[in-house]
Amino acid sequence: MPGVVLVGAQWGDEGKGKATDLLGSRVDYVVKFNGGNNAGHTVVIDDEKYALHLLPSGILSPGVVPVIANGVVVDIEVLFEELDALIARGVDVSRLLVSGSAHIIAPYHRTIDKVTERFLGKRRIGTTGRGIGPAYADKINRVGIRMWDLFDEKILRAKIEGSLDQKNHLLVKVYNRRAITVDETLDELLQYADRLRPMVTDTAVELNKALDTGKNVLFEAGQATMLDIDHGTYPFVTSSSATAGGAVTGSGVGPTRIDSVIGVIKAYTTRVGEGPFPTELFDDKGEFLRKTGGEYGVTTGRARRTGWYDAVIARYATRINGLTDIVLTKLDILTGMEKVPVCVAYDVDGVRYDEMPTDQTAFHHAKPIYEELDGWWEDISKARAFEDLPPKAQAYVRALEEMSGTRISAIGVGPKRDEIIPIHDLIHAR
Ligand code: GDP
Ligand code: IMO
Ligand code: MG
């Protein structure tokens with residue numbers, strides 16, 4: 001012990017990569033348990049910027065064992081591209097472990113992701129186009145391909161045949177695309193088998209052993225609570241379990257092994273892709289947040305939608321994930337405002353909601369009820385203790401803490417590793 005879970009509390013891009021990196025020197029394992037290369041985590045170390053997608057952010061910490069667990073969907077081509085790029089920059093990636101039970105994103109999953117979105121037209125999700133949804137659909141549909149299958153060509157061929165059988169009908173007859181052959185898919189996947197073999201193992205055994213022997217294991221979520229397949233703004237979500245429960249099913253450790261759950265939350269809100277977003281701004285304030293916060297997607301380069309902090313979402317994330325600690329990021333971006341509105345509740349067709357409506361119709365109708373907090377003008381990027389913050393910034397943080405119902409244990413005041421205000425230790429017993 002301890003097992004620590006780290007999740008995004010909003011719609012992603014809260015700064016999970018930076019938060020993981022912060023804990024890097026104190027953990028032995030960093031486990032990615034959901035999603036795939038739809039994620040985009042930026043980590044800044046000594047002015048060097050790293051963008052990670054499929055790999056857990058812990059890969060940058062010397063001595064950490066990075067693990068891609070069973071809940072992840074793996075695009076093998078991307079895996080090696082990312083590994084090679086890190087190797088070229090002198091990062092030691094030799095400890096990486098990949099679960100044999102993780103599912104593979106095959107080339108046809110990417111194709112189907114893109115054509116489905118085009119077909120959906122104005123009902124599209126705005127996916128990253130990486131094949132995530134179709135790969136998870138195959139997993140649930142029991143026609144997926146797992147890492148283990150790469151090492152048995154006969155089984156691999158049979159599974160590709162089974163999977164392509166239906167898909168080619170769909171691709172050719174519905175989407176008007178060319179059929180994909182079993183051989184091209186087989187060749188594409190088999191070319192990586194030898195290089196993958198030494199990394200692939202039963203990672204659940206490894207992680208349980210690590211916890212048994214007192215190692216610190218950090219489970220790092222991709223995406224976030226509001227993009228979770230069960231608890232997010234369905235259908236405008238990703239296809240995996242991005243909440244704390246996903247850490248358990250996605251890695252093969254029991255819930256009793258988890259000691260703390262850290263929610264990473266931005267001091268304002270952003271969203272990429274389609275779907276409802278009650279506090280979204282369409283004015284110069286929204287543009288200010290986008291420009292100052294550098295709110296452009298790490299994976300697709302899309303401009304992120306921006307809006308004020310939403311305390312209803314923070315309370316929801318606290319409840320769904322059982323948060324024990326919050327890391328509040330990007331407080332520095334709010335510097336220089338007269339007033340900072342915070343959404344404290346919603347008005348849904350004349351009815352006040354203090355808690356998240358999970359009914360899609362109600363959430364689409366939700367209008368934010370704002371409380372205006374005082375802003376501050378002082379540069380806070382050099383603050384390293386809570387008391388270093390100007391009183392009005394302190395009051396903003398305290399107000400957010402009270403509204404969310406979880407203690408704020410660290411505050412981000414800049415993208416760099418040391419631009420953080422530690423308040424409570426993030427690694428602790430339950
Ligand atoms: P992730 O997907 O949750 O890992 O987050 P992203 O990396 O997609 O987006 C977060 C962005 O904010 C990155 O560019 C980080 O370098 C940056 N960042 C993280 N924490 C802070 C902070 O406290 N202040 C500022 N200014 N930037 C931050
Ligand atoms: P990180 O880990 C923000 C969004 C997409 C789209 C929806 C479904 O960096 O926080 P998908 O390709 O997953 O089927 O797309 O989810 N999305 C993200 N938004 N940050 C992410 O990851 C995201 N991963 C997926 O924009 O709306
Ligand atoms: Mg991101």
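The backbone N, Cα and C atoms fix where each Cβ goes, glycine too.
As annotated by TrEMBL, active site, proton acceptor applies to Asp13. According to DSSP, Asp13 (active site, proton acceptor) sits in a coil region rather than a helix or strand.
Take the CB of His41 (active site, proton donor) and look out to 10 A: across all protein chains shown you find 26 other CB atoms. Residues or ranges marked as active site, proton donor by TrEMBL: His41.
Cβ neighbours of Lys139 (active site) (same chain, under 8 Å, six or more residues apart in sequence): Val73, His103. What TrEMBL records for Lys139 is active site.
DSSP assigns Thr42 (GTP binding site) to a strand. Under the heading GTP binding site, TrEMBL lists 12-18, 40-42, Arg304, 330-332, 412-414.
Its Cβ taken as reference, Asp13 (active site, proton acceptor) is surrounded by 28 other Cβ atoms within 10 Å in the chains shown. Feature annotation from TrEMBL assigns Mg(2+) binding site to Asp13, Gly40.
Listed in sequence order, Val264, Lys266, Val327, Thr329, Lys330, Gly412 are the same-chain residues six or more apart from Gly15 (GTP binding site) with CB atoms under 8 A from its CB. Taken from TrEMBL, the feature IMP binding site covers Asp13, Glu14, Gly15, Lys16, Asn38, Ala39, Gly40, His41, Thr128, Arg142, Gln223, Thr238, Arg302.
Annotation comment: TrEMBL describes Val298, Thr299, Thr300, Gly301, Arg302, Ala303, Arg304 as substrate binding site. Look at Arg304 (substrate binding site): DSSP puts it in coil.
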CB contacts for Arg302 (IMP binding site) [other CB atoms within 10 A, all chains]: 13
Residues that sit under 8 angstroms from Gly12 (GTP binding site) by C-beta distance, when 6+ apart in the chain: Ala39, Gln223, Ala224, Leu227, Thr270, Arg271, Val272
Densest Cβ neighbourhood among Thr42, Thr128, Gln223, Thr300 (binding-site residues), 10 Å radius: Gln223
Rounded Cα-Cα span from Thr128 (IMP binding site) to Asp13 (active site, proton acceptor), Å: 14
Among Thr42, Gln223, Gly301, Arg302, Ala303, the binding-site residues whose C-beta sits under 6 Å from ligand 1: Thr42
